[in-house]
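Chemist: Per Swiss-Prot, the features are:
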DNA_BIND  9-79  DNA-binding region
DNA_BIND  95-163  DNA-binding region
COMPBIAS  51-76  compositional bias 'Basic and acidic residues'
COMPBIAS  162-172  compositional bias 'Basic and acidic residues'
DISULFID  C23-C45  disulfide bond
MOD_RES   K3  N6-acetyllysine
MOD_RES   C23  cysteine sulfonic acid (-SO3H)
MOD_RES   K30  N6-acetyllysine
MOD_RES   S35  phosphoserine
MOD_RES   K43  N6-acetyllysine
MOD_RES   C45  cysteine sulfonic acid (-SO3H)
MOD_RES   K90  N6-acetyllysine
MOD_RES   S100  phosphoserine
MOD_RES   C106  cysteine sulfonic acid (-SO3H)
MOD_RES   K114  N6-acetyllysine
MOD_RES   K141  N6-acetyllysine
Amino acid sequence: MGKGDPNKPRGKMSSYAFFVQTCREEHKKKHPDSSVNFAEFSKKCSERWKTMSAKEKSKFEDLAKSDKARYDREMKNYVPPKGDKKGKKKDPNAPKRPPSAFFLFCSEHRPKIKSEHPGLSIGDTAKKLGEMWSEQSAKDKQPYEQKAAKLKEKYEKDIAAYRAKGKSEVGKKGPGRPTGSKKKNEPEDEEEEEEEEDDEDEEEEDEDEE
């Protein structure tokens with residue numbers, strides 16, 4: 001989403017994100033030379049956030065509101081580069097990036113949270129999922145990590161085949177067209193098979209993402 005565009009407004013931050021930022025700054029002041037263990041740090045922040053009163057949280061909620069107003073204001077004036085959307089939508093048949101272990105965990109647990117807390121906002125649902133994930137043991141996370149690793153491996157194979165297919169198609173349009181009539185038929189068969197596989201892969205990944 002416009003990662004390469006330096007003029008794109010910085011994304012808005014939630015109240016919890018401001019709180020985590022404050023925690024990180026406090027940690028840096030207290031331990032300037034020590035590195036942060038992010039899993040441990042996230043868990044401590046989450047536990048601390050849970051015990052805070054509404055009054056203590058209000059400071060961060062005010063920061064989030066003003067940041068949202070800043071973001072909305074900047075987005076109204078923001079014009080994305082013309083080539084930005086074209087670059088994104090140029091390859092609709094390209095294999096989709098595989099979901100992470102955390103994303104798979106969210107897909108599985110989000111419906112349960114929604115049914116238990118129907119009024120919960122998207123941001124609060126995401127925060128709750130983050131807290132749940134940080135509370136999982138390494139053993140509990142393992143099935144999601146294994147599935148994510150398999151999907152990543154599959155994606156790497158698919159993207160390699162997709163790129164190879166793109167190169168072979170460019171080659172066909174090149175000057176060697178009249179002499180390669182026999183060779184032309186062989187890659188086409190392979191490409192048809194690859195296209196079928198790509199379609200199946202996309203369906204599987206769509207199901208996972210849902």
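Placed from the backbone N, Cα and C atoms, the Cβ positions cover glycine too.
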Chemist: Between K114 (N6-acetyllysine) and C106 (cysteine sulfonic acid (-SO3H)), how far is it from one CA atom to the other, in Å?
Modeler: 11
Chemist: In sequence order, what residues of the same chain, 6+ apart, have a Cβ less than 8 Å from the Cβ of K30 (N6-acetyllysine)?
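Modeler: None - K30 (N6-acetyllysine) has no non-local Cβ neighbours under 8 Å at 6 or more residues apart.
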Chemist: What's the CA to CA span in angstrom from C106 (cysteine sulfonic acid (-SO3H)) over to S100 (phosphoserine)?
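Modeler: A Cα-Cα distance of 10 Å.
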Chemist: Given the modified residues S35, S100, which one has the fewest other C-beta atoms within 10 angstroms of its C-beta?
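Modeler: The modified residues S35, S100 were compared, and S35 has the fewest Cβ atoms within 10 Å.
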Chemist: Can you tell me which of the recorded positions C23, S35, K43, C45 is spatially closest to K141 (N6-acetyllysine)? Compare CA atoms only.
Modeler: K43
Chemist: Just checking, which of K43, K114, K141 (modified residues) has the fewest C-beta atoms within 10 Å of its C-beta?
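Modeler: Sparsest of the modified residues K43, K114, K141 by Cβ contacts within 10 Å: K114.
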Chemist: For K43 (N6-acetyllysine), identify the closest of the recorded positions C23, S35, S100, judging by Cα separation.
Modeler: C23
Chemist: Under DSSP, is S35 (phosphoserine) helix, strand or coil?
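Modeler: SS state of S35 (phosphoserine) = coil.
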Chemist: Specify the secondary structure state of S100 (phosphoserine) as given by DSSP, simplified to three classes.
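Modeler: Its secondary structure by DSSP: coil.
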Chemist: With DSSP, how much of the DNA-binding region (9-79) is helix, how much strand and how much coil, in residues?
Modeler: 54 helix, 0 strand, 17 coil
Chemist: Of all the disulfide-bonded residues here, C23, C45, which one's CB has the most other CB atoms within 10 A?
Modeler: C45
